[in-house]
């Protein structure tokens, strides 16, 4: 191990024990014969899917360590001295060229993901809406459920049979890789393929998941593919990229890829850089900061150009949506002490709900492990069950909702008939809409826009917000961990925004903040309570909403929610890293470790050396 991962005890067939990646003790009678040496490597290459369904609860991690340290010996120094200025210039130019290519490729993939999800999900919702307008409710239900199940089966089959490592969000794997841990196939071309198409199918299939987490993994896979000069397995290699065959250079490129993934998912270039700095990478320098910022800037430019192209209506049902951007600007630009107290209350609620969410996700993942261990067929069956449950909730719960008269002075038609929109008619009469259907029977991005919209205090009933929160909270927990690419950002934002609006209604008499701002602050509190990030989340939310006046309130709610949640458990990504058995060394030691001595961590029997060793001690096998 290179010191970056706190490994579990790993034992080879010869008896050599690596204790925690820190201490090596040898039982001489078991390891060395008189005339033999170790014949097998310490870490044998075994298949490890590294998904949420792979090694949960395992104490042994069949993974490999990456060497990020440069051995500055005489040979290394002589090699660099012997290089001509043209070679050094080529090395530097290639680094920036690859950063450019990573930004371009990630931006294009992010746009493709969004346009595919919006068109597939939009077609499904449009078909369901048209059947309901004709009062064919049972046919609409069968159509809606059938489309969701077919999309779910396709996504699950890709993950189960082609690339099991593509299941889940992928952020824990990227975080582990950037800290020196390499597991089997986490950045392989097959994983990249399944991550892209599996994420599209899963999100379009109506699951309570997002495409933002998988985009981080996708960006890292793109960077790895370019950084190592292609793939030997698929006969796609470029010899001119031989400079980047070492672990350190590839780590830098994958850091750029992870940041580009966040920038592509949220249109938040600065937030992407801060995410890589705060959550992913454990080693940073100014040169890497510049290249990462350049990569995310390229992503932002690519997305901006493609969005402008789609405004002309050439992208099908994509239109204004897809790439998340919420304008929650409010005429209320000032706030007082009662508003700050309301924000603190939201932070406390977010911390409690977030820690409970992490606890339940942990339990569900451990339960799913027993099912998924039985093979690909059981993985797909589990996905089908969750898809049926999600579809029934999405279609059935809006029947509980009330019909509301359309607000006056709307810029868009209400209800939205004959197309995918924000005000769903569902079973209501003309001139009315169903607020629960506007949340459930919509794309995730449009549902968030509805919740974040300002000046719409009476758009949702309190009962509808409570039902939607309970459903999304529950569905988000049971969905994460099945064999599809799935992100946590979107279900967490939806749940947080719904209880944020709910609390905003209750605190209306003492606070003057808009309901849309309460929804944003609720989403921030839940994100802080589950993921335990502060700086990067704050900037991402500000870039999403385009409202700098919200900065102090977002900072406050994130700090409160993280502080409250930290008193119960760790962040969700840290928990998943531990569940998978990925050896990961924390930044700070646990308090109890300060009282440990050598005998508490070594494996016996301990063999010691005297000041002057005699040859016969080593020759007889006692080492």
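Yeah, the Cβs are placed from backbone N, Cα and C, and that goes for glycine too.
The transmembrane segment annotation in TrEMBL covers 91-117 (among others).
Annotated transmembrane segment per TrEMBL: 137-163 (among others), in sequence order. Sequence-distant neighbours of the transmembrane segment (137-163) (same chain, 6+ residues past either end, Cβ-Cβ under 8 Å): 51, 120, 124, 127-129, 131, 185, 188, 190-191, 193-195, 197-199, 201-202, 204-207, 376, 379-380, 383-384, 386-388, 390-392, 394-395, 427, 482-485.
Only residues 6 or more beyond the boundaries of the transmembrane segment (253-276), in the same chain, are considered here, and those with a CB under 8 A from a CB of the stretch are 98-99, 102-103, 106-107, 109-111, 174, 177-178, 187, 211-212, 215-224, 226-227, 244, 288-289, 291-293, 295-300, 303, 323-325, 489, 533, 535-537, 539-540, 543-544. TrEMBL lists 253-276 (among others) with the feature transmembrane segment.
The annotation transmembrane segment is assigned in TrEMBL to 288-307 (among others).
What TrEMBL lists as transmembrane segment is 340-360 (among others). A Cβ distance under 8 Å defines the sequence-distant neighbours of the transmembrane segment (340-360), meaning residues of its chain 6+ beyond its ends; these are 473, 476-477, 492, 495-496, 499-500, 503-504, 507, 510-511, 513, 518, 521-522, 524-530, 553, 556-565, 567-572, 575.
Here TrEMBL flags 380-401 (among others) as transmembrane segment. Counting residues 6+ beyond its ends, the transmembrane segment (380-401) has Cβ neighbours under 8 Å at 140-141, 144-145, 148-149, 152-153, 155-157, 160, 205-208, 368, 371-372, 424, 426-427, 434-437, 440-441, 461, 464, 467-468, 471, 475, 478-479, 482-484 in the same chain.
Feature annotation from TrEMBL assigns transmembrane segment to 460-482 (among others).
Residues or ranges marked as transmembrane segment by TrEMBL: 548-565 (among others). Listed by sequence, the residues of this chain that lie at least six past the ends of the transmembrane segment (548-565) yet keep a Cβ under 8 A from its Cβ atoms are 328, 333, 335, 339-340, 343-344, 346-348, 350-352, 354-355, 358, 517, 520-521, 524-530, 532-534, 537-538, 541-542, 571.
Sequence-distant contacts of the transmembrane segment (460-482), counting only residues of its own chain at least 6 positions beyond either end whose CB sits under 8 Å from a CB of the stretch, comprise 52-53, 156, 167-169, 207-209, 353, 357, 360-361, 364-365, 368, 379, 382-383, 386, 389-390, 393, 397, 400-402, 404, 435-436, 439-440, 451, 488, 491-492, 494-495, 498-499, 501-502, 505.
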